[in-house]
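Trainee: I'd like to ask some things about the structure below.
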């Protein structure tokens, strides 16, 4: 499942009781006394809800008196089991204890003997309003679709809803004749049944797979298609008015599938060679970025559809990354699945990393600095979130429904991907690839875990790497490596990094790579608290190419030498210097005043370097948002840095490459934010030409919206509802951060129900990040918390987006209100989000305590 960059239901050991088993109702995981081998699943799509039947071929390993499986808010009847040709009826038990555990008990009149059986039952349910299970999407034409990850298949049919209980599936869907019906595998036309205005589609049997990957979609859909060189059919499905917008995603998908088939050493053959297919469907309402259902990938529309000439470069990047991410899951997640959700990071971290590997290797359809993007959106983000106090380890023990959804976060995705990249650089690309191939071939159609992966890579590397890697995934946080220049040698020492001043005795085996000027690179393993290395040149950079997930604290000699060569550093190395200097300054390790004085020298017209540097100043601006003096000084410094670039920008011809477009857009947006008159005038002129002559806003749409929202809120709401690109809704919501009129603020927050359920948290977050109504937005959330929880239909991930909007405040009074609100939240699945908000606010208040140091760093020398 792809996380959206604006970014997250679940399990107690319960099981079928044998004669000698103790009651295990207080445990969350199903026992393995009864395991599924095959499902025959039939679902009938009706206007008001759905009904169906399921037959499950099971293997019983010991005598049992009941079978326990997962179900949630389903009406279940006519349960029974066929054993040795005779059907034994079962009594359906769903009491309060079962509801709490999200299970159903099928109790039999006498014990069932160990051996095979065929469990059957019928069920009915309602469509889910929370974008999980089986739900209806709005729009001109309704679409019925499923979303089962992590534990939401149980909303739709009784099942053994755990990733380690794989089985094959035969699916049939009864729906209206006008609908296209899709499932994981191809439909079998010769088996189609038609009656009245309805039809039943039967689908080929799947390979063994987990329940969370089962999917079906029903709607009035059209498609475009292509074929990979290995004969895999790829299609993009969507509304007939939009499906042509899938051409870019289709091309990316085809090329990426071909590359991954080579990289993994195993071709894509789901469900089998000769009938392998991948359908990609844009769903009108969707909570995440996409979902990797095997053979039937579902997407948020803007993560799949790209409109040439109207969509922007961010849309293009998003489509490419999301498609590659989901295709990576076809091997890592689907073909080989984590045994349990504590290794979720292995699915998501790997898919995140390999999506960039894919984009790097699919030719001209991706024409930007892929690894520069990776560093900004994964390494940097992972370090910021993991450095804030009570983070969690990458591999986190989860049991409760609610906990699993919470770990779909930046630690699992961003840090997980960054650690995988670090390991690849440590053992080498070819060795790492061979290890991955070994792991996949050993666990195909089954389950694996992190230890199995390290073992496979270690066998190719010729050395056990598990001890080194385990330290990175089994403990929270990451190290800061201090570098002391002793003349002829360097002393490297490690301690845990913390933005809150809370260190501990954690130790990592750190694969340090040092780049020596004129001498190449040297690999060093820092295993203990410190080590000494011979100095090879006077200028050096520790953590070459930003390959490791750690910060580097240089002494004055080391940093001075590095700064003297700043212009010769690669983009990612230059970003690394900025991130370390300010990351350590923000953690009060010292050097913030120095960094603020030198930031203009670190800056360059490279998009990734410019963004890294400016974002540090804007983050400080956000901390001191109610301090007019600090805000004024930051704005002045930013204006001086970007003014030359702003002057060169032509808003009617924003750039000729993805790099130049990204840079010009970013600088222009910041210029408007900090009040550069020329930037504001250019944006206003583009808006005037748009209104008077129909000039396309194009790449600058959201920047223009932010600048003109107060005078044009009605226009923007119309674009939200009737936009002509899939990404326009997001651009409108980003534009809300520019609201400065109280009546507009009240209009938006007073009518949140007009937004799609998945967008409510995005709207709130956009306004809370803006300057004018930051505190007011937070006041609204803390006074309407329960109402908002119901508004997003108790979807924990969507509600957590709302909770996270509270982290942008610093003042005493508003912080007290936030804390009272957080203390009162009792809903399952928000504990990690609550801690993240508390930690962010604690850091902000800690930073406000060093105001004088910040002031000294911002003031010109003559004024100090």
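Note that the numbers count up from 1, one per residue, in the order the chain is shown.
Glycine too: its Cβ is placed from the backbone N, Cα and C atoms.
In case it helps, Swiss-Prot gives these features for our protein:
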- 326: active site, proton acceptor (ACT_SITE)
- 149, 289, 290, 291, 292, 293: substrate binding site (BINDING)
- 325, 329, 348: Zn(2+) binding site (BINDING)
- 413: site 'Transition state stabilizer' (SITE)
Trainee: Per DSSP, residue 290 (substrate binding site) is which: helix, strand or coil?
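Mentor: The three-state answer is strand.
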Trainee: Provide, as an integer number of angstrom, the distance between the C-alpha atoms of residue 149 (substrate binding site) and residue 348 (Zn(2+) binding site).
Mentor: 12
Trainee: So which recorded positions are near residue 290 (substrate binding site), with CA atoms within 10 Å, out of 325, 326, 348, 413?
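Mentor: Of 325, 326, 348, 413, within range: 325, 326.
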Trainee: Between residue 413 (site 'Transition state stabilizer') and residue 325 (Zn(2+) binding site), what is the CA-CA distance rounded to a whole number of Å?
Mentor: 11
Trainee: In Å, rounded, how far does the Cα of residue 293 (substrate binding site) sit from the Cα of residue 329 (Zn(2+) binding site)?
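Mentor: That comes out at 9 Å between the alpha carbons.
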Trainee: When you look at 149, 289, 290, 291, 292, 293, which the record names as binding substrate, what is the longest CA to CA distance in angstrom?
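Mentor: Between the outermost Cα atoms of 149, 289, 290, 291, 292, 293, the distance is 13 Å.
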Trainee: Give the residue from the binding-site residues 149, 348 that has the most other Cβ atoms within 10 Å of its Cβ, counting over every protein chain displayed.
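Mentor: Counting every other Cβ within 10 Å of each candidate, the maximum falls on 348.
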Trainee: Whose Cβ, among the recorded positions 292, 326, has more other Cβ atoms within 10 Å than any of the rest?
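Mentor: That would be 326, with the highest Cβ count within 10 Å.
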Trainee: List every residue in the same chain as residue 325 (Zn(2+) binding site), at least 6 positions away in sequence, whose Cβ is under 8 Å from its Cβ.
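Mentor: Non-local contacts for residue 325 (Zn(2+) binding site): 2, 289, 290, 351, 352, 354, 355.
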Trainee: Is it possible to get the count of other C-beta atoms within 10 angstroms of the C-beta of residue 289 (substrate binding site)?
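Mentor: Taking all protein chains shown, residue 289 (substrate binding site) has 22 Cβ neighbours within 10 Å.
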Trainee: Where does residue 149 (substrate binding site) sit in the DSSP three-state scheme?
Mentor: coil
Trainee: Enumerate same-chain residues with a sequence separation of six or more from residue 291 (substrate binding site) and a Cβ-Cβ distance below 8 A; give 'none' if the list is empty.
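Mentor: Residue 291 (substrate binding site) has long-range Cβ partners 1, 2, 147, 149, 215, 297, 298, 299, 326.
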Trainee: What is the set of residues, excluding 149, 289, 290, 291, 292, 293, whose C-beta falls within 8 angstroms of the centroid of the C-beta atoms at the substrate site?
Mentor: 1, 2, 147, 288, 297, 298, 299, 326, 329
Trainee: Note the Cβ centroid of 325, 329, 348, the recorded Zn(2+) site, then list each other residue of that chain whose Cβ lies within 8 Å of it, in sequence.
Mentor: 1, 2, 292, 326, 328, 332, 333, 347, 350, 351, 352, 355
